[in-house]
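Colleague: Got these off Swiss-Prot a minute ago, pasting:
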- THR15: phosphothreonine (MOD_RES)
- THR15: N-acetylthreonine (MOD_RES)
- 69-93: transmembrane segment (TRANSMEM)
- 134-155: transmembrane segment (TRANSMEM)
- 178-200: transmembrane segment (TRANSMEM)
- 255-275: transmembrane segment (TRANSMEM)
- 291-312: transmembrane segment (TRANSMEM)
- GLU367: [CaMn4O5] cluster binding site (BINDING)
- 447-471: transmembrane segment (TRANSMEM)
Amino acid sequence: MKTLYSLRRFYPVETLFNGTLALAGRDQETTGFAWWAGNARLINLSGKLLGAHVAHAGLIVFWAGAMNLFEVAHFVPEKPMYEQGLILLPHLATLGWGVGPGGEVVDTFPYFVSGVLHLISSAVLGFGGIYHALLGPETLEESFPFFGYVWKDRNKMTTILGIHLILLGLGAFLLVFKALYFGGVYDTWAPGGGDVRRITNLTLSPSIIFGYLLKSPFGGEGWIVSVDDLEDIIGGHVWLGSICILGGIWHILTKPFAWARRAFVWSGEAYLSYSLGALSVFGFTACCFVWFNNTAYPSEFYGPTGPEASQAQAFTFLVRDQRLGANVGSAQGPTGLGKYLMRSPTGEIIFGGETMRFWDLRAPWLEPLRGPNGLDLSRLKKDIQPWQERRSAEYMTHAPLGSLNSVGGVATEINAVNYVSPRSWLATSHFVLGFFFFVGHLWHAGRARAAAAGFEKGIDRDFEPVLFMTPLN
């Protein structure tokens with residue numbers, strides 16, 4: 001048997017039938033895991049596991065940079081972003097880079113810079129990943145005790161948790177600083193149809209910020225997804241960043257209490273399951289946010305939300321028929337309800353027809369036409385601006401519907417166009433990934449609990465049929 005760098009390499013779990021197969025010196029014999037078990041071979045090799053994580057970060061950042069440059073290369077300034085299948089440039093535009101009034105792109109150079117910076121960063125991370133995977137020390141405990149750890153060392157684990165929380169808090173403050181001091185962010189609610197502005201009057205009232213968490217997730221309430229002004233969003237990031245940083249300091253300075261030591265499983269696989277569970281919650285929340293929220297995800301870049309496209313259609317035909325002489329206040333539709341306008345269950349004047357179910361939509365092109373009791377009839381007759389008509393006609397024809405083969409629009413519509421909204425892509429992908437991560441959470445939590453309880457993980461390999469077959473090679 002080979003001389004081991006660290007005695008903690010032994011982790012016998014599975015038996016590979018072909019024991020001679022070795023991969024880069026990390027074989028079944030020395031790790032207890034077969035080559036296909038991936039990072040499980042590195043559970044007790046902190047140096048190699050560091051390499052795997054840094055290399056993975058490099059791949060992520062490389063994708064971001066390459067995809068960013070790909071989108072810049074294909075970008076047509078004359079078309080809205082949401083018509084071009086872009087998923088990265090809308091995020092940069094939302095942060096206020098390269099856009100002017102109405103969400104019009106005035107400069108693509110910041111997008112190019114972003115892509116190049118990510119590519120350069122990915123090269124650094126890639127080098128670090130390869131170095132630690134192949135050349136660096138297998139374990140960090142002996143040479144660099146600050147970066148070393150033992151999975152069951154509860155104090156060290158909460159210290160690592162604290163460092164991560166501080167980094168997340170600093171990330172939240174990066175958005176705050178961008179909005180306050182570095183040019184501002186794009187505000188879809190700015191007068192006249194959206195603009196980049198600095199957020200000066202932050203919402204820091206805890207009753208408002210934490211009130212979102214106490215709202216119902218249904219209907220017009222919408223939990224945190226209902227946030228509809230940037231002051232609240234940036235103020236929320238101040239609160240969240242502060243909580244993360246203070247919580248991080250707390251976890252670095254303290255040891256877990258007895259109830260926490262008893263309640264949790266303290267192993268590498270358990271921490272993996274906790275992380276996957278958290279990411280699953282992030283994915284499901286992001287799905288709801290990108291689907292329903294047109295403030296954090298402005299419609300100028302991501303296309304209209306479903307309710308927004310529906311209300312835009314009602315508005316467009318109200319404008320048309322009013323010009324043709326219809327009395328939109330009293331016209332009756334085929335159901336006996338108002339054809340253009342009707343009353344909501346609570347008495348507000350809302351758009352009639354099928355779009356009545358979306359009556360709690362709020363959108364910057366529509367709100368100026370509301371009064372104290374819903375839509376204001378006199379404003380609908382006298383105050384509609386050309387930009388509102390143009391925008392609603394555009395949104396009406398770009399509903400976030402569409403199939404994977406890029407045939408957009410209503411499924412029964414024969415004149416459908418090649419259009420799938422980025423909202424559809426981002427909401428669907430985050431829902432599906434959130435679900436997969438949840439399954440991964442259950443899987444690894446089950447394995448971690450089984451290991452902690454002391455019963456065998458996996459299947460008994462002693463009498464596995466493949467052990468008695470002739471090797472393929």
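Heads up, the Cβ atoms here are built off N, Cα and C, so glycines get one too.
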Colleague: Using Cβ atoms only, state whether the transmembrane segment (255-275) and the transmembrane segment (134-155) have three or more pairs under 8 Å that are 6 or more apart in sequence.
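Modeller: Answer yes: the transmembrane segment (255-275) meets the transmembrane segment (134-155) with 3 or more Cβ pairs below 8 Å.
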Colleague: Please identify the stretch among 134-155, 178-200, 291-312 with the greatest number of Cβ pairs below 8 Å relative to the transmembrane segment (69-93).
Modeller: 291-312
Colleague: Given a Cβ distance threshold of under 8 angstroms, which distant residues of the chain, six or more beyond its ends, lie next to the transmembrane segment (291-312)?
Modeller: 80-83, 89-90, 93-94, 102-103, 186, 188-189, 194, 222, 225-230, 233, 351, 354-355, 358, 360-361, 363-366, 391-396, 398-401, 421-423, 426-427
Colleague: Using a Cβ cut-off under 8 Å and a sequence separation of 6 or more, which residues in the same chain sit near GLU367 ([CaMn4O5] cluster binding site)?
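Modeller: Listed in sequence order: TRP189.
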